Amino acid sequence: MLASLTPPITLKLELDVLLLGVTFLGLLTRLGGIQFPKAAVFDEVYYGQLVSLYVKQIFFIDESGPPLGHMVLALGAYLGGFDGNFAWNRIGAEYPSNVPVWNLRVIPALAGALCVPLGYLLVVELGYSHHTAFVASLLLLMENSLIVQSRFMLLESVLIFFLLLAMVSYLRFYKLWSFASVVPSSAGWAWLVLSGFACGSAVGVKYMGLFTYLLLLGLASVHMWQLIGDRNLSTVRSGAGRLLALVLIPVLLYLGFFYVHLTLLYRSGPHDQMMSSAFQASLEGGLARITQGQPLEVAYGSQVTLRSLSSKPVPCWLHSHKANYPIRYENGRGSSHQQQVTCYPFKDVNNWWIIKDPGRQNLGVSSPPRPVRHGDIVQLLHGMTSRFLNTHDVAAPISPHSQEVSGYIDFNVSMPLQNLWKVDIANRESERDIWKTILSEVRLVHVNTSAVLKLSGASLPDWGFRQLEVVGEKIYKGYQQSALWNVEEHRYGRTEEQKEREVELQSPTQTDVSRNLSFMARFMELQWKMLTVKSEDSEHKYSSSPLEWITMDTNIAYWLHPSNNAQIHLIGNLVTWVLANIALAGYGLLTLIYLLRRRRKIEDIPEASWDQVVQAGIVCAGGWAVNYLPFFMMEKTLFLYHYLPALTFQILIIPILLEHLYIHVLRNQFQRQVFGGVVLAVLCLVFLVYHIFSPITYGYPELSSDQLSGLRWRESWDILLRKR
């Protein structure tokens, strides 16, 4: 009897057919045929080099952005079994069989495909109808530039995916919070955590993601301020939840990306010399191989090489050689004519110096060794020429406001020896801290003149072999890396004889010392290098300015077939770009009109509709602004693809403005019918332009020269024609 009363198990399933449809079309347009062309396309040459280094686990620095995007591309390579062996040296280079083209391109393509349904969901979460969201997704679907950027081993589609996911997740959380009686369910908190994850990932792909993240934080702060007045809610709990999800999780994620990055890349690589000696010593091979087994504590009699902490203009080591300063320089100033002391950007036996106790004559390390401490007075004797490091009141050759640094030669011309230096350990833990190999950052202060041994960064003329100038800086201001040195290579000297010492300088050491850096120390150094080290900017044929992006006055040729007219270009759907500009201007004008009329107590639309307009403006117009305007302040080579994140948000304004006009501006059914017909015609026009340009979006079918000439809708576009 009881069994007959048990209700049957039911399953309720709701499917958004429109959402499923645009998702399928997004996958079809982005993933279909991504193996073509089987050749390096534009920036695949750049990202491919980084992927190869990941596969081989070789350390590198990429100042263009954090490591998540590169690791995502490397994941595809790893899953495809790529061994990293390919010379990424030119656009159009054919991929051999060991390069898994589909795997390298599938993750960006998948991210680009999912941007289409995410655009749909974002419009829905902003409170607009599913039909409006459908129009938004169609515009994203048929945007040729987004398709091109998604189908290759590039990062813009991955960045846009995380930006849209962050906004959709947060707005979904906010909607659940607004409808909840007290606090949202666990599902609501899950959406907030997902938003924080997406924010951290966006910043982890490219630094430009930071601006959208800050926009979302601003929106969340406004919402939090509005909720503070609700006594039914726990302000502390809701504030702590937002802080945890939107601040702590992104920060931990960002650190986590670097932790994985540094864990994977443990081998010495091409960018080692940009890092400190301590960082280099933590890598397998390279400097670690050279410094393995070095003594940790610098002692009297130690033989050392001193590396400047400054890597500008290049990393270099304190150096001297058997060549003197010229008696007179080209400008007529005189010198001491003593032995040159420079900073040399290559490892060399003339980089070795001996730390000598001024009160003793012996040059070997005693047993037990007597360590050099902060505040001690030392002499530095050049190992190969036996000249003492000296500075005096003689102008430096290139920097006359500073003192000349020399290897002292007694010419008996009333120029006394001034070779005493005080050891000042800048990063010491105590006042009697011991000078440590690699770890200690040392400032050498001249006892007689109080000048600090410093790399000026200037290059000497031919008489100085174009090496870098070292000076004694009397006007020293605070912490300067150019005035700090660290012991990189180190051995305990055992002999007093010059000839034996020259042999000893090239022999390995025996003592084994570990000096592994902590993760945070390596992270801070790498992060600082990424933010401060700039690659040389050069003009590129397809570089452009932000002003050219709005009207698409520029394009980029991504690939050209070596023997026919098949080619791929980054060119957008011109109709969509024009509509997006009109929509942005129209939205701004409409909002201004509403603001002025509301100021005069005239409310043309309900309060809920006004809130909807404001929120859509913050998300879409704000998303366009924060992803576009910062480029005007950047001193770097820019390309059209940098505009694509801003364009994505701008496109979403089109259907939002259309729905607002349809509901709140058009007054009768006839106007709305005509308006609907116009919208349908415009969508057909968008599809027509997408179809016309699809041969240079996908690279096939091949077009004739006349057909390609017909695609040059702007004089500034560079469409490549191959004459037959």
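One is the number of the first residue shown, and numbering goes on along the chain from there.
Positions of Cβ are set from backbone N, Cα and C atoms, glycine also.
Caution: TrEMBL annotation is automatic and unverified by curators.
TrEMBL annotations:
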{"type": "TRANSMEM", "residues": "15-33", "note": "transmembrane segment"}
{"type": "TRANSMEM", "residues": "100-122", "note": "transmembrane segment"}
{"type": "TRANSMEM", "residues": "128-146", "note": "transmembrane segment"}
{"type": "TRANSMEM", "residues": "158-177", "note": "transmembrane segment"}
{"type": "TRANSMEM", "residues": "189-222", "note": "transmembrane segment"}
{"type": "TRANSMEM", "residues": "243-266", "note": "transmembrane segment"}
{"type": "DOMAIN", "residues": "295-358", "note": "domain 'MIR'"}
{"type": "DOMAIN", "residues": "369-426", "note": "domain 'MIR'"}
{"type": "DOMAIN", "residues": "430-490", "note": "domain 'MIR'"}
{"type": "TRANSMEM", "residues": "574-596", "note": "transmembrane segment"}
{"type": "TRANSMEM", "residues": "616-634", "note": "transmembrane segment"}
{"type": "TRANSMEM", "residues": "640-662", "note": "transmembrane segment"}
{"type": "TRANSMEM", "residues": "674-693", "note": "transmembrane segment"}
Item to check | Stretch-level contact, the transmembrane segment (616-634) and the transmembrane segment (674-693), CB cutoff 8 A, at least 3 pairs | outcome: no
Item to check | Same-chain residues near the transmembrane segment (128-146), Cβ under 8 Å, at least 6 residues beyond its ends | outcome: 16, 18, 22, 25-26, 29, 112, 115-117, 119-122, 157, 160, 570-573, 576, 579, 612, 616, 640-641, 644, 647-648, 651-652, 654-656, 658-659, 679, 683, 686-687, 689-690, 693-694, 697
Next on the checklist: Using a threshold of three or more Cβ pairs below 8 Å, and leaving out pairs closer than 6 in sequence, do the transmembrane segment (243-266) and the transmembrane segment (574-596) count as in contact?
Outcome noted: no
Checklist outcome for this item: The answer for the transmembrane segment (243-266), taking Cβ pairs under 8 Å and residues 6+ beyond its ends, is 53-54, 57-60, 66-68, 71, 170, 189, 192-193, 195-197, 199-201, 203-204, 213, 216-217, 220, 283-284, 519, 522-523, 526-527
Next on the checklist: Using a threshold of three or more Cβ pairs below 8 Å, and leaving out pairs closer than 6 in sequence, do the transmembrane segment (674-693) and the transmembrane segment (158-177) count as in contact?
Outcome noted: no
Next on the checklist: Please report, as numbers and ranges, the same-chain residues at least 6 past the borders of the transmembrane segment (100-122) whose CB is under 8 Å from any CB of it.
Outcome noted: 18-19, 22-23, 25-27, 29-31, 34-35, 38, 44, 48, 51, 72-73, 75-77, 79-82, 133-134, 136-137, 140-141, 146-147, 149-155, 157-158, 160-161, 164-165, 167-168, 171, 619, 648, 651-652
Checklist entry - What residues in the same chain, six or more past the boundaries of the transmembrane segment (189-222), come closer than 8 Å to it by Cβ-Cβ distance? => result 64-69, 72, 155, 158-159, 162-163, 165-167, 169-170, 172-173, 176, 241-242, 244-254, 257, 615, 618-619, 622-623, 626-627, 630, 642, 645
